[in-house]
Amino acid sequence: MNPALLLTTAGRVLRQLRADPRSMALLLIVPALLLTLFYWIYRDSPELFSFVAVVMTAILPLSLMFIVSSVTMQRERANGTLERLWTTRLHRVDLIGGYALAFGILAVAQSLILALVMDLFMDVEMQAGWWVLALIAGVTGLAGLSLGLLGSAFARSEFQAVQLMPVLIIPQILLCGLLVPREELPDLLRWFSAVLPLSHAVDAVTVAARSGVTGEVVADTIRCLAFALVFLALAAVTMPRQTR
């Protein structure tokens, strides 16, 4: 790994995203707008909204980071940018690390915006500090990024990259505990949900909101981070050097 090349890649990705207002809005503005929509939907059920809002701070970063990162990587492959980069000293680790750093910065910004909106405008009670919620949301965003980069390695177009969402993201949303507590799932689904990063992220934010920072919160956050690192490593290994 070359730190200089990694930082150069991160800077290039950030400049590319900054020049794309739609992607920036999707990452930084849309999550707060969706949270506001839920606030209106559950305006007569504040306790239910508090639960949904906390869970959404895990779901939204994962989902949106997956979409933007997979499409961005596939776009670079389609326009020949990656093939030109492979002719330089750039290594797969430098490329994936640069993407992780760039999107990691955006994940932190996204999570801070969500935490501030919930704290200042929606009166969501949080036993742990809001920085804890922002940290967990940032880690979850990193997991979404890593899945997006991994998925893009097997896609041949931006459309195919987005098509992976029903396979890699929606099952996690269905099994994370938002619709049905994981403890009430059939055994097979409960076991399957235990190997999904979003399940651990949701467990972390809900326990943190209810009980503050506990050993369970720390353990679930570390598990989610471990998933993200494993997916990043797999993305580096599977990243093709030629456009298919």
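Every residue, even glycine, has its Cβ placed from backbone N, Cα and C.
For 18-242, the entry in TrEMBL reads domain 'ABC transmembrane type-2'.
Among the features that TrEMBL reports, transmembrane segment is placed at 24-42 (among others).
Among the features that TrEMBL reports, transmembrane segment is placed at 48-72 (among others).
For the transmembrane segment (93-118), same-chain residues at least 6 beyond its ends with a Cβ under 8 Å from one of its own Cβ atoms are 1-2, 5-14, 17, 27-28, 31-32, 35-36, 53, 57, 60-61, 64-65, 68-69, 72-73, 82, 85, 124, 126, 130-131, 133-138, 140-142, 145-146, 149, 232, 235-236, 239. Feature annotation from TrEMBL assigns transmembrane segment to 93-118 (among others).
According to TrEMBL, the transmembrane segment annotation covers 130-150 (among others). Within the chain, the transmembrane segment (130-150) has long-range Cβ neighbours (under 8 A, six or more residues past its boundaries) at 54, 57-58, 61-71, 73, 96, 99-100, 103-104, 106-108, 110-112, 114-116, 118-119, 161, 168-169, 197-198, 201, 204-205, 208-209, 213, 217, 221, 224-225, 227-232, 234-235, 238-239.
If you look up TrEMBL, you'll see 162-182 (among others) marked as transmembrane segment. Away from its own ends, the transmembrane segment (162-182) comes close to residues 52, 55, 58-59, 62-63, 66-67, 70-71, 144, 147, 151, 154-155, 189-190, 192-193, 196-199, 201-203, 206 of its chain (Cβ-Cβ under 8 Å, at least six residues beyond either end).
Remote same-chain partners of the transmembrane segment (221-239), defined as residues 6 or more beyond its termini with a Cβ less than 8 Å from a stretch Cβ, comprise 92-93, 95-96, 100, 135-136, 139-140, 142-143, 145-147, 149-150, 152-154, 197, 200-201, 204. The feature transmembrane segment is assigned by TrEMBL to 221-239 (among others).
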